[in-house]
Structures are given as structure tokens and as C-alpha cells.
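Q: Have a look at the structure that comes next, please.
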Amino acid sequence: MKRIPSVRERNIVLIGFMGVGKTSVGEQLAKRLFRDFIDVDQEIEKTWKMKISDIFRLKGEEAFRKIEREMTIDYCTNTSLKVISLGGGAYMQDAIRTACLDHCIVIYLDLSWSLWKERLNVLIDNRPVLQDKKVEEMEQLFTKRQPTYQKNSFQVETDGREVAEIVSYLEEVIKLGWEIYGS
């Protein structure tokens, strides 16, 4: 029988809408906690040797979601001591969400719609889900995903906070959790 990791050993999974800063926060948080960092989207790109936008275009969203699900569940259930950044839509899959909540500490990086919209010009070229979408459609997607993101271990408001501030705050909260809930 497989041993369940202690609270201190559990992977930390960062969730939230695309472009909220999961990768930026995750890379720095992993360094601060002396853990490996995994960006699931980057791992998929390495595996398929192409950009996510090309995978969507050439293989389709269904093929992308399948490998995303397989990789994420594997990381959640077969590894420990990692900080994992999920793509914005990954957590919408029931199997991924269940694996994350059952085996990991799930942290939701919450950014308001108004601040997210300010990042749109930077995001649009690299996000296949945003291609050919009107701002109203993006807002609907943003709003639709919010209740699912609310299913988490911990939530942090990122509005008006720099990455370094978010990382320091999360490091404090995580270490406090380790003390409270033991090893």
C-alpha cells in the first residue's frame, strides 16, 4: 500500500485563471521552500515538442486535456515535495481537481477581473483559449470558472501585490500550516 505523504511532504498546487501569475509565483515559492518546480503546461510542451497553441491547433483541445489530466494526476499522486503550476483550465477537470484536493495543498491565486483585463494584451498571443474571443466572452469564462477555483485549501488575493510579496506571504502561511498540522 502506498504511503500518504505528510502535510510537510505534500505537493503544493497553484491554481487560478490564466495569466494570474501561477508560474512566476510558483518558481520563486519552490526556491524558497527548497522544492522542485513543475509547470504542467511547460512539461506538456517538452513532451510534445511544440507550444500549447500548436497542440490545440494540430491535435485539438481534447488531446491536450487528456495529456494534461494524465500528467497532473501522476504528479499529484506519485511525487512529493514539489510546487506545481496548473494551466488555467486544468482544474476544471473533475479528475484533476480530485487528485489535487486528495493528495496536495491547493492554493488559489485570485485576481480581480478588472486587473486581469489590464494584462490581456500581454496574454492573448500565447493563450489558445483566448484566440478569437471577445472581451465579453473572456469575462464569461473568467466568471464561470470562479466557483470551481473556490474549491481549494487556501486562497490568496493577488490584486495590488507584487510577486515577491505573494511568495513571502505564501511561505509564511505554508510554514505556519506545517507547524499547526505537524509533519
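Every residue gets a Cβ built from N, Cα and C, even glycine.
Just so you know, TrEMBL annotations are computer predictions that nobody has curated.
Pasting the relevant annotations from TrEMBL:
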{"type": "BINDING", "residues": "Gly19, Val20, Gly21, Lys22, Thr23, Ser24, Arg127, Arg161", "note": "ATP binding site"}
{"type": "BINDING", "residues": "Thr23", "note": "Mg(2+) binding site"}
{"type": "BINDING", "residues": "Asp41, Arg65, Gly88, Arg145", "note": "substrate binding site"}
Q: Of Gly19, Gly21, Gly88, which of the binding-site residues has the most Cβ neighbours inside 10 Å?
A: Gly88
Q: Counting only residues 6+ away in sequence within the same chain, which have a CB under 8 Å from the CB of Arg161 (ATP binding site)?
A: Tyr169
Q: Determine the Cβ neighbour count for Ser24 (ATP binding site): the number of other Cβ atoms within 10 Å of its Cβ.
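A: So the Cβ neighbour count for Ser24 (ATP binding site) comes to 17.
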Q: Are any of Gly19, Val20, Gly21, Lys22, Ser24 (the binding-site residues) within 10 Å of Asp41 (substrate binding site) when you go C-alpha to C-alpha, and if so which?
A: none
Q: If you compare CA-to-CA distances from Gly88 (substrate binding site) to each of the binding-site residues Gly19, Gly21, Thr23, Ser24, which comes out shortest?
A: Gly19
Q: Test of understanding: give the count of other CB atoms lying within 10 angstroms of the CB of Thr23 (ATP binding site).
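A: Its Cβ has 17 other Cβ atoms within 10 Å.
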Q: Just name the most isolated of the binding-site residues Lys22, Arg145, going by other Cβ atoms within 10 Å of its Cβ.
A: Arg145
Q: Could you tally the C-beta atoms, other than its own, that fall within 10 angstroms of the C-beta of Arg65 (substrate binding site)?
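A: So the number of other Cβ atoms within 10 Å of Arg65 (substrate binding site) is 17.
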Q: What are the sequence-distant neighbours of Val20 (ATP binding site), meaning same chain, six or more residues apart, C-beta distance under 8 angstroms?
A: Gly88, Leu109, Asp110, Leu111, Trp116, Thr158
Q: Roughly how many Å lie between the Cα atoms of Arg65 (substrate binding site) and Ser24 (ATP binding site), rounded to a whole value?
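A: Cα-Cα, rounded: 23 Å.
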